[in-house]
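Note sheet for the following structure.
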Amino acid sequence: MVSRVIPVSAFDLVLFGATGDLARRKIWPGLFHRFVAGQFDESSRILGVSRSDLDRETFQARVAKAIEDPTADKAQVAKFLELVDYISIDATGERGWEALANAMRPDTVRAFYLSVAPNFFGPIARRLERNGIATPDSRIVVEKPFGHDLESAKVLNAELRECFQEHQIYRIDHYLGKETVQNLMALRFANSLFEPLWNSSQIDHVQITVAESLSVEGRGEYYDHSGAMRDMVQNHLMQLLCLTAMEPPSKFTPNAVRNEKLKVIEALEPVPMQDIARGQYRAFGEQGSYLDHSSNPNSTTESFIAMKVEVANWRWAGTPFYLRTGKCLRDRVSEIAVYFRNPPHMIFPGTETPQGNVLVIRLQPDEGMTLHTTIKDPGPGGMRLTEASLDMTFADSLKDAEKPQDAYERLIMDVIRGDQTLFMRGDEVESAWAWADPIIQGWTESGAKPQQYDVGSAGPEDALLLMHKDGRRWRPIGT
Ligand code: NAP
């Protein structure tokens, strides 16, 4: 197999929060995989930064543990660790900054990855600038959550823009790094088959589901101040909606793509309360309830949300987008299901279309696409109809291709390449908050309590009713 890995230029990557949970689970393994894939120039370096006072060997031992994998080649691990160094820095004080400034090399791509809490974004950006570490070409990457509401997102944007220009700022939404999400753009804009059908005259509705089977256990304190609307809908589901609904950009460049996504967010209608179902999981069997896991025994934070969203433009008027996400659901499923309209006239007497054509784009599990079609039920007995699927699971159909990269791997390499296409622009984030804020404010003002649903179910009753009143049904979650 010929490798299609495109090497990136030599870089100095400074990873703030290098001892944290995200770095351990995603960033270090992702960097190691790219190194093994041969994507790094071997003069590249990764400087881990955090508050703890650690020597290089102790830190490298931690990184080695994070990238531990029985299949990993020990020689490769050792070579990777040679690129890794550590500096202890106080993000809000003066300790360590001079050492970092001295460690940076001229004429090398500089990227600062802020895998730390958002209250450190401003202080770190200012210190990078003040100490002459940030250059006009360096990049700064920030993790979610990007704000709690419109006001706080504006503050974060202003803090970052004081020291970096927009073309240097990379706001991560790891959903955009998923292979299938990028495939959605390829499906729409590299094929002539679907685009003529991609509008309200041919599409009845769209369902976007991100269902998780896990609870918030262990993250209760954070989650209780967030909830499904802030944690998932305003960012991840919004991005999936944008990529599904946007107009074709004139070219595949960061701003052309992001301009089109922004137009979708700006075209969203306010969502009336009767078009939203809000839920909170309750104990079922062995499993605890949200209130057992939350830091607040009277919490009214939602762990589930379903809503009907209208995109008010010529392409989509009359075609609702139903969004649904939640914790402790029956299964772990992320997908976009595009429901095409039924044929206008049935010529087969006594038969009904079992289900119109549905194109399902699966993000997890088993990334791939399925097109549900109606065919003749095989065999004798007259003209009966049944459903058959054209199925493409990427792992099966692209056996010879390289294994898809994890979203973080892909996105970090994009940062080094200087490609912002799969990162959210500041105005997109603010617009998404401007849409979400009134919904959240409505719940706060009304004191609305989420409806309880069983752990392991498909969500609260209200979510089913939301669809039923429109004469539609959710796709099942899991089998
Ligand atoms: P974490 O485990 O709490 O780690 C926080 C990191 O920040 C540690 O490396 C810590 O260093 C460092 N730190 C704290 N105070 C510091 C200071 N004053 N100066 C310098 N470094 C300091 O957090 P995390 O879970 O990795 O999350 C990091 C960011 O990613 C957050 O914004 C989070 O919302 C976001 N995120 C996390 C996940 C996830 O799955 N964990 C997913 C998506 C987004 P010490 O260890 O030395 O104290």
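The backbone N, Cα and C atoms fix where each Cβ goes, glycine too.
Copied over from TrEMBL:
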- 14-183: domain 'Glucose-6-phosphate dehydrogenase NAD-binding' (DOMAIN)
- Gly17, Ala18, Thr19, Gly20, Asp21, Leu22, Ala23, Arg24, Arg51, Lys144: NADP(+) binding site (BINDING)
- His174, Lys178, Glu212, Asp231, Lys327: substrate binding site (BINDING)
- 185-475: domain 'Glucose-6-phosphate dehydrogenase C-terminal' (DOMAIN)
- His236: active site, proton acceptor (ACT_SITE)
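Projection of TrEMBL feature records onto the structure.
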residue : record                       : Cβ neighbours (10 Å)
Gly17   : NADP(+) binding site         : 23
Thr19   : NADP(+) binding site         : 20
Asp21   : NADP(+) binding site         : 11
Ala23   : NADP(+) binding site         : 24
Arg51   : NADP(+) binding site         : 17
His174  : substrate binding site       : 19
Lys178  : substrate binding site       : 23
Glu212  : substrate binding site       : 20
Asp231  : substrate binding site       : 23
His236  : active site, proton acceptor : 22
C-alpha spacing of His174 (substrate binding site) relative to Gly17 (NADP(+) binding site), in angstrom: 17
Rounded Cα-Cα span from Thr19 (NADP(+) binding site) to His174 (substrate binding site), Å: 20
Recorded positions near ligand 1 among Arg51, Lys178, Asp231, His236, Lys327 (Cβ under 6 Å): Arg51
Pairwise C-alpha maximum, in angstrom, for the residues (His174, Lys178, Glu212, Asp231, Lys327) that bind substrate according to the record: 20
Shortest C-alpha distance to Lys327 (substrate binding site) - which of the binding-site residues Thr19, Asp21, Arg51: Asp21
Cβ atoms near Lys327 (substrate binding site) (within 10 Å, other residues, all chains): 25
Distance, Asp231 (substrate binding site) to Arg51 (NADP(+) binding site) (CA atoms, angstrom): 27
Inter-residue C-alpha distance, Asp21 (NADP(+) binding site) and Lys178 (substrate binding site) (nearest angstrom): 20
Minimum Cα separation from the residue listed as 'active site, proton acceptor', reported as the residue among binding-site residues Ala23, Lys178, Glu212 that achieves it: Lys178
Three-state secondary structure, which DSSP defines for Gly17 (NADP(+) binding site): coil
Spatial separation of Thr19 (NADP(+) binding site) from Asp231 (substrate binding site) - C-alpha basis, Å: 23
